[in-house]
Amino acid sequence: MSFQSKKMEESTIKELTDVAQAGAIAEESIMGVRTVQAFNGQIEMVNRYKHELIKGKKYSIETAYWSGLLEGFFFFILYAFLGIGILYGGYLLKVGTVLNPGDVFICIMTQLLGAYFVGLISPHLMVLLNARVAAAVIYETIDTVPKIDVYSNRGKQLRNPKGLVEFKNVHFRYPSRKDVKVLNGLNLKIYPGQTVALVGHSGCGKSTSIGLLTRLYEAEQGFIAIDGMDVRKINIQNLRHIVGIVQQEPTLFNDTVAENIRISNPEITEQHMIEVCKMANAHEFIQNLPNSYDTLIGDGGVQLSGGQKQRIAIARTLARDPKVLILDEATSALDAQSESIVQNALDKAAQGRSTIVIAHRLSTIQNADKIVVFDKGVILEEGTHHELVQQGGHYANLVKAQQFLPEEEENEDIQARHRSESIESNTFGRKAFVRGASATNSLLESRRRLTANFTTAFGNTTDDYNLHTNTVADKNHINDSYNVGTIYKNAQDQYKWMIAGFICALVRGMELPACGLAFTYVFEAFALLNTNSGLMMNRCVRALGIFIGIGVGSWLFQCMGSICYACSSESLTVKLRIAAFKNILFQDAGFFDNLANTPGKLITRLATDAPNIKSVIDCRMFQVTHCVTAIIVSIIIAFIYSWQLALLGLLMLAMLSFGEIFLAYKVMIKNMQIAHNDEAGRTAIEIIENVKTIQLLTLENHFNNQYMEALKKQQTLIRAKCLLESANNCFSMSFEPFMYAACYALGIHIINDGQKSSADVFQAVTGMLLTAFAVTMSSSYFPEFVKANSSAKLLFSMINHKPLTGDPSVGDTPKIQGTISFDKVQFTYPQKQNQPVMTNLCFKALPGQTVALVGPSGTGKSTIISMLERFYDVSGGSLKIDGKDIRNFSLEHLRTQMALVGQEPKLFSGSIKDNICFGLANKVSDIEIQQALTLANAQRFISNLPSGIETEVGEKGGQMSGGQKQRIAIARALIRNPKILLLDEATSALNSESERAVQEALDKAREGRTCITIAHRLSSIQNSDVILYIDNGMVQEAGSHSELIAKKGKYYQLIKKQDLNG
């Protein structure tokens, strides 16, 4: 058994490693499901997931092979020794060493039962081995002492910090990329109360320096000090209370708005909370939420816009009143109006504290006391805004890139473009053909028609809306009709293995009855002790042969049965996991908004339900099948020899079955309750996903306690279930001795009445005893089957859940020209039916046009892109492309004609090349990839990487900076050559220099395709054909940049807040 354990453990470790890799792919995909869907990457992710599962399946079957082989060998040895023991016992009886045959039977039965139960350990041994392997990983994690221990009480406390921050000759490389030096001798001093802005291209070390200051990492050379004390000597908790940070990608937790703010300062009063929210310009929109500050915002704040999440994150930081305030692109997700208000608030908040600002939008830092320009990990320039502009150096070029064109130049530029297009239009529409807009007139005429459409739309608001009720959120419904039978229906392709395994189990089930008949033969042999000892020994020799034959049969069929059932169960588990994962990736956005379908819960279901299901078709079913066979055959034998004893046994079996079914029903209810109330898995995933934010907010103990509370709630339910399972086990285990007593009592009575001979009664009693033995063995698996039944309901409900967007492959697949029309569109999020986002949205984008959407955060701009991608469908009105309702298109085809660059770029594990080619149906050449990277201004930084485009980006792009991730995401969109380009803050994470280059690339990329762009940095959209100011889900202003400036309306006010010309 030691050898068996060793071989099984080796295979189990390999299996669990591959399954863990598959789990990581599932987690990454579900957390970034919108990106996966936007690029039709579902099948690619499913194939990655499948690849890892199949690797694990091979090792699982290998484990089953060793289990069956060695368990069968054990039973062969057992029966061989049993036969030898009988032969030797016969010899001792013959020579008179042992006088009573009963003594021989006692010794043999004791050894048989003891050894048999040892043999039955094997199926449970796999569970123990899995636990051992998992425990090794867990204990390794527990025993790992981090270099930066957040729980340590060591270090000095800065009682009254003043906020003097100093970087002295700091060098740094990331541990996962030792060949790239990020900081190369950084020297910087920030005096108390001073505001210092860090600017520079993406990946130059700005955010890295912040990570070193907050001790997420430690410098390899040099030091960083606060008030003259090395940060490594300051207590880590104290340090992170002194330093408050608002990150580039805001992280909120699955709780109410109030708790997300209170989490950083548990002692904050309600009045103080409102004050910091007003400072962050968040109070007004919070008041408009369904339950105001008590509104649950869901996993990661998914029910809020990017700007709303950012403002709550700012309020959360201000609630701590830190002495050193770090703003890492803190206003990047805000519109110009909100940004101006929040910036004023941050300027006030910065008073009396040292402030470090990282910003690509330079209008937010022109009032900084000092601006520091980074390049290649060192300081290139420093000074005030005016000083650096006058120097005419690197910073001045960045400023120039974000300045708006003077109005005269803008008008001249527009007129020049109009003249050029008019000339080209006269030459048989040459430019229209080049741009893919065969029916498009001049840009000026297009604008006039577009403005006319708005006027008409605003004037007609009484038409009937084309309401579609199928946009109502489908509730998470568990179908109770799914059960163990559903598992077998879905295992049709595994029937050959299951039938082969079933036959092996049937033959293996003859083992106990055969053993019982052999014992009768031995009983009769020992009865000849006093009359013919020679014949007795002859029969003992034959009994040895019988037992060896039983052993060989057990060995052979145990091994074959284990392999057959392993092949069927592992194949079905892989199949069901893939089916569930695939269906999850094809769900509409409303499915994920449902709190019952948070990413954490979905990932937990994938990890637990499929393994639970396989218990009804793996080695456990093999054991139950051969036990049931043994029960049936043993009862038949008992009927042959004594029908009275057989009837007694059947009556007692009926009682046992009734009790176990009742307890199984209770256990199933508990299993469903555990599944529905599984908050521990969701909490764990939320913690791991947001661990950086948790550390910066010093909330490790808070979330540890939260996780412990979730576990305790689960523990209460699990304990209740364990009590029921223990009762079931006690009931089945006590059945065997009671049956012994009843059968022996009745048997003695039958012999005394002379109804049957002692040999017949012995045979009947042996049959019933073996029946009881088989019942005891099989009943231990009963809770596993109940769990499988519960998991079947959950897993098949997930597999068969139909997305509201329908089958992605069904629908029209015409060549798309790119005309987009929103006509009286209404929209309400499924989980917020009483809060309409859009009430009467009307606009039209013609082929080749660039339409920019601007306006306050949370007014529906990103929702427009979500509807174009069909993450959601409109609630009313119509959304058409080329005059056809968007819902009539094949969703898969529609998304091949679009490309999306989101506000928070999502990358996946793999190389840069893998991410750029993600979701592409056809292979692209390296030359095409290089062209896309050049357009996205990513070629420079990638060429500096040791492995170039083969460089691993890390899980969720963790090895790349925000700007680098954004440029890779842009290249991923451009390589598709889409007819419709959707840009949701596509350049928000880029510095001015990169933005200018990328913007020029995007301007080129827009030729021949319709582009819908959202931008809070207004300099990036001033050349758009049409700019729409959206507020309250409606178009409030429309026109070109110059036209809207001339109106001096809301757009004009936004421009004034960001213009750097002054």
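Cβ atoms here come from the backbone N, Cα and C positions, even for glycine.
Feature annotations, courtesy of TrEMBL:
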type: DOMAIN; residues: 1-130; note: domain 'ABC transmembrane type-1'
type: TRANSMEM; residues: 64-91; note: transmembrane segment
type: TRANSMEM; residues: 103-122; note: transmembrane segment
type: DOMAIN; residues: 165-401; note: domain 'ABC transporter'
type: TRANSMEM; residues: 497-523; note: transmembrane segment
type: DOMAIN; residues: 499-787; note: domain 'ABC transmembrane type-1'
type: TRANSMEM; residues: 543-567; note: transmembrane segment
type: TRANSMEM; residues: 621-641; note: transmembrane segment
type: TRANSMEM; residues: 647-665; note: transmembrane segment
type: TRANSMEM; residues: 761-782; note: transmembrane segment
type: DOMAIN; residues: 820-1057; note: domain 'ABC transporter'
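Listed as Cβ neighbours of the transmembrane segment (621-641) (distance under 8 Å, sequence separation of 6 or more from its ends, same chain) are residues 120, 123, 501-502, 504-506, 508-513, 516-517, 561-562, 565, 615, 649-650, 653, 756, 760-761, 763-764, 767-768, 770-771, 774-775, 777-778, 781, 785. The stretch in closest packing with the transmembrane segment (64-91), judged by the count of Cβ pairs under 8 Å and taken from 497-523, 543-567, 647-665, 761-782, is 543-567. Here the domain 'ABC transmembrane type-1' (1-130) has, by DSSP, the following mix of helix, strand and coil residues: 119 helix, 0 strand, 11 coil. Here the transmembrane segment (761-782) has Cβ contacts under 8 Å with residues 113, 120, 512-513, 515-517, 519-520, 523, 615, 620-621, 623-624, 627-628, 630-631, 634-635, 637-638, 641-642, 645-646, 648-649, 653, 656, 660, 664, 728-729, 732-733, 735-736, 739-740, 743-744, 747, 750-751 of the same chain, all six or more residues outside its ends. Away from its own ends, the transmembrane segment (543-567) comes close to residues 60-61, 63-65, 67-69, 71-73, 75-80, 82-84, 86-87, 494, 497-498, 500-501, 504-505, 507-508, 510-511, 514-515, 518, 521-522, 525, 617-619, 621-622, 626 of its chain (Cβ-Cβ under 8 Å, at least six residues beyond either end). With a cut-off of 8 Å between Cβ atoms, the residues of this chain six or more beyond the transmembrane segment (647-665) that come close are 631, 635, 638, 724-725, 727-728, 731-732, 735, 738-739, 742-743, 746, 768, 771-772, 775, 779, 782-783, 785-786.
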